[in-house]
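Data block below; observations after.
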Amino acid sequence: MSKIWSKEETLWSFALYGTAVGAGTLFLPIQLGSAGAIVLFITALVAWPLTYWPHKALSQFILSANIAPGAGITGAVNHYYGKKIGSLITGLYFLAFFVVVLIYAVAITNSLAEQLSRHVPITSQVRALLSLGVVLVLNLIFLMGRHVTIKVMGFLVFPLIACFLFLSIYLMGSWQPAYLTSQMQLTPHTFHQIWISIPVMVFAFSHTPIISTFAIDQQEKYGEQAMGKCKKIMKVAYTLICASVLFFVFSCLLSIPAGYIETARHQGVTILSALSMMPGSPAWLAITGIIVAVVAMSKSFLGTYFWRD
């Protein structure tokens, strides 16, 4: 059985899932719900190929370069474009993901501060200490090594999958097909929403920072067979990603009236906040939103941090 599927392949599947599915996924139902049912169905059809093909191509870009083992995406860029242009691209790559890492760190701090403010006053000194603690803990995990970080990310994935699955099933009792069938009109606005929504979906599922580390790890272990291993793991990971997230999106949009989704979009809050706005919604939804956001952003932080490898 181990020849068919190994424990290591399972860990990498969850690591890819953990980097791809983050806090941004909680905003995806808001965007797709506002865009209409036609856009939702089109997005669902293209979700898997638009997740698999670009990341597979990036893996192939790294593995096909004639570079030293372990050089990763920076070595591949230098190989294809030369040292000067490669250094420029690497610098832009660094800046792009450095900003993302900072955003995650700030967002985690804000979420924790919001929860703590209900119990203790949050002064600037407390916020500074909290921010320092968040950065230290996350960096400490990463400094323990690639395999420890992957295991931590895999561990964080389980509560997130459980949360998505629980909420999706919990909402099935409130499904109203009319919420979607009433939005099946094809208008010029629909094409505009497709143009906006598909990039949002691609970004929500994007996990390019970890692909370099993923490809290097497979190359170190399997050599010329690395690309086959990458494709095998990716297919499983992306099937899990698309199935769980799209089930969550459809379940939310079949249960929440369009008015609440529009309100959430204008307020810039997640779909869990839209659920908590509805009359009779349980109080635990607000707490769940904070926990899920912190877990999702923490594992996304670690996954994005892999650009350093």
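Each residue, glycine too, has its Cβ placed from N, Cα and C.
TrEMBL labels come from automatic prediction, so no person has curated them.
Annotation comment: TrEMBL describes 12-30, 61-81, 88-108, 128-145, 152-173, 193-216, 236-261, 281-307 as transmembrane segment.
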Residues of the parent chain within Cβ reach of the transmembrane segment (61-81), under 8 Å, 6 or more residues beyond its termini: 87, 89-90, 93, 211-213, 215-216, 218-220, 226-227, 230, 309
Close approaches to the transmembrane segment (88-108) from elsewhere in its chain (Cβ under 8 angstroms; 6 or more beyond its ends): 23, 73-74, 77-78, 81, 131, 134-135, 138, 209, 293-294, 297-298, 300-301, 304-305, 307
Long-range environment of the transmembrane segment (152-173) - Cβ separation under 8 angstroms, sequence gap at least 6: 10-11, 14-15, 17-19, 21, 141, 240, 244-245, 247-248, 251-252, 254-255, 272, 275, 288, 292, 295-296, 298-299, 302-303
